[in-house]
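Asker: Quick paste of what Swiss-Prot says about this protein:
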- 49-227: domain 'BPL/LPL catalytic' (DOMAIN)
- 91, 92, 93, 94, 95, 96, 97, 98, 158, 159, 160, 171, 172, 173: substrate binding site (BINDING)
- 155: site 'Lowers pKa of active site Cys' (SITE)
- 189: active site, acyl-thioester intermediate (ACT_SITE)
């Protein structure tokens, strides 16, 4: 489908452009590997507050993650015999399902360069998603008191972040053309009565290759990011911690 990337907004929430490495993976990545990459970059920013930030755009191999304090009651399977890898991690929120066909975004940003306010940051991530969907002709919706993004009552994007010393990790997951059947093994985000959806239910044939450039542009606009592009991550293990 034709997409007008020029429809994305140009107003940044930062008065100063931020040099940021952009890593894009061409193959699904194991969750624990992507988590390690974020932790490594977080450590670099702890050591050098002037270091570039980083963002990962990727897909995961199938897995389920539980946020801090998340209830295992939202897992509709035996935790000793999960249908896919299960991880308890250091982000907010309840259970999330990752799988191919879902665009996952992991910004490792220093909020001291923006606003030291996690609620502000969550709303910015929601706006990134709203702007992406607007280019596609879709009206993404927030729900009062909840975090994420909905289309016609179906949750199409989950957001869960971690933050140490104002350096972020984890991020958002947007369902593009993924198989929704495996979401039935959990109560997504712990929200009973809130079905999940994917973008190609509204735009048949929509692909990750069409959505990913829109996500890059929306992130750049929203956070004033100037991308530094390293060598492509053709294989999951290609990232070097001293990049």
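Start at 1 and count along the chain as shown; that gives each residue its number.
Cβ atoms are placed via backbone N, Cα and C, with glycine included.
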Asker: In whole Å, note down how far the CA of residue 155 (site 'Lowers pKa of active site Cys') lies from the CA of residue 172 (substrate binding site).
Answerer: 12
Asker: Tally every other Cβ atom lying within 10 Å of the Cβ atom of residue 91 (substrate binding site).
Answerer: 20
Asker: For residue 91 (substrate binding site), what is the secondary structure state per DSSP, taken as helix, strand or coil?
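Answerer: Note: residue 91 (substrate binding site) is coil by DSSP, not helix or strand.
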Asker: Could you give the Cα-Cα distance between residue 97 (substrate binding site) and residue 155 (site 'Lowers pKa of active site Cys'), in whole Å?
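Answerer: Distance between the two Cα atoms comes out at 12 Å.
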Asker: How big is the gap, in Å, between the Cα of residue 155 (site 'Lowers pKa of active site Cys') and that of residue 95 (substrate binding site), rounded to a whole number?
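Answerer: Answer for this pair: 14 Å between alpha carbons.
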Asker: In Å, how large is the greatest distance between any two Cα atoms among 91, 92, 93, 94, 95, 96, 97, 98, 158, 159, 160, 171, 172, 173, the listed binders of substrate?
Answerer: 16
Asker: Taking 97, 155 as the recorded positions to compare, which has the smallest set of other Cβ atoms within 10 Å?
Answerer: 155
Asker: Give me the mean pLDDT over the domain 'BPL/LPL catalytic' (49-227), rounded to a whole number.
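Answerer: Here the predicted model's pLDDT, averaged over the domain 'BPL/LPL catalytic' (49-227), is 91.
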